[in-house]
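Visitor: I have a structure here, written as structure tokens, and I will follow up with some questions on it.
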Ligand SMILES: Nc1ncnc2c1ncn2[C@@H]1O[C@H](COP(=O)(O)OP(=O)(O)OP(=O)(O)O)[C@@H](O)[C@H]1O
Ligand SMILES: [Mg+2]
């Protein structure tokens, strides 16, 4: 189980207001430092409650947060094109249908408005209305047909949109996941990457909306053009006035969208924290520890603080948005008033007939709602475009961590050599490994030994080509891991990591990892026999077909050690020449552990085996033992050599075998007291 990385803040939290009076939750404080955002929630907190989120805001997120209207509008056409291309890819008939519907709908609306002038003229002329209406039957028929067609097209548009939007969203999510699977593992050590990934994930959710907003924009534009064509025929002055009336509203909407977006980027870390807390609070994996540790009050307090920080930011952003809308509405109202004043003036001065005035009023409403729709849809496109941009950028460069190594093909591995290797984690102040040199060949077992944090897991990940060295080199049969096609290379690795995955699939899929070998179940059974997973499978209700999770009906739960046997079977099943076992028997009982080590030499016959373990009795089977300390090799040799000479291994060995430090307690007094 992985817990979210938490760093200590470098300074104490800042009190935002008088602590004696303040009862409201504090908002996160975001420093103005261009390279660093710091967030602290402070009020009513004890030391334990302090939420120490320090975010290294990189240039990219700074740039995104401060994107201007002009920058966005220049990108919007490109983003819209990308969203249309996405829609085109998933459902071409729906895209064509939607575009056709919009075009025909606009024409129907314009025709209806024009027909309305004739109909209203008939209604307003003196004499019997029925006779006039009968005389103007063509106009009435056109008006009724156009209105009906417009309504039907609206329904078709809704149907096509609701079919297309989820498909676009799903495709955007799939593309996002594919991009995520194609990043260097080291990306996950960078907070900047996590921000971009979160933003892109959000962008994928909005991808469908960008397309539908584009639809609304087209519909509003069609409606506006239809009304404008009609209106221009009555009096050209009305048109520019209406357009001007829409501008303040558009400005207000865009302003609100930008404010909301800035609130989102500045609270991404808090959002992530809330998500993590929610997971930890509700997950099965932590449920027992929350209860036995009586952690509920602490965790809920923390959750409320994080939620309050987010709420505060959202509250401020919506207040700013509402203020902008108010200003926009005020200016828009004045402009609309002017339009109606002009219309009344045209009517009263006889420049417009009553019939034309009536039709113009309808056209005015049509243009006004079109302008309003354009402003709304434009602002929403601006907002969606900002998120979609995150998604699009992530796809293009995978958050800056796309795997971009060479193409050297790897078809076999006989030897892995490590030369003067050093590795430093992203943002770390010192190397996790320094100047490490060693090699492991097929047929050999090497054991990595050392105290916690000495660099064993890091080294095993570099050997597997999961990380690339920051200094020196790791070579597989002479080929540098930097130059190798990694996906081809990983076909040659079988790894049991310290935190192995417990896939919510069947036992069979957990072992084959979705890549069954030609031998069928026989090969699975062989791997299970070596790892001890055979006994586990035999006890399952549906054998290999049992679902290994209780989250669905029919699933079964395994113990920690049983899971480790499955993880080992997974590695032994894989016909890979490089076998890396990081603490592979930590949860196994003595019999199961004995079985693994009894079989390891045989497994090593056609494999290079790297074994990381703290149980030194087990390392005696290794051909060579490498002792690490603070990321450096301090000893190397066979078990007999190292255990018989002074040094770290001998020291650790003695400690592991020393059980005489704390003698068993003999409570003589108690015995005496209770003896009759
Ligand atoms: N993702 C990471 N980001 C930054 N530093 C890391 C990361 N993972 C490990 N480290 C640091 O690298 C050093 C070596 O860690 P590593 O996990 O390789 O140790 P280890 O020898 O496997 O320890 P253990 O016996 O506890 O498993 C430690 O100081 C650790 O803090
Ligand atoms: Mg480790």
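Yeah, the Cβs are placed from backbone N, Cα and C, and that goes for glycine too.
Marked as transmembrane segment by TrEMBL: 96-124, 136-156, 324-347. Look at TrEMBL and you will find 96-383 tagged as domain 'ABC transmembrane type-1'. TrEMBL lists 416-655 with the feature domain 'ABC transporter'.
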Visitor: Please indicate, using numbers and ranges, the residues of the same chain that are 6 or more beyond the transmembrane segment (136-156) and have a C-beta under 8 Å from a C-beta there.
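Guide: Distant Cβ neighbours of the transmembrane segment (136-156) are 97, 101, 104-105, 108-109, 111-112, 114-119, 121-122.
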Visitor: Quick test of the contact rule: Cβ under 8 Å, at least six residues beyond the ends. What residues does that give for the transmembrane segment (96-124)?
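Guide: Residues 132-133, 135-136, 138-140, 142-143, 146-147, 149-150, 153-154, 156-157, 160-161, 164, 215, 218-219, 221-223, 225-227, 229-230, 353-356, 358-359, 362-363, 366.
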Visitor: Express the predicted model's confidence over the domain 'ABC transporter' (416-655) as a mean pLDDT, rounded to an integer.
Guide: 95
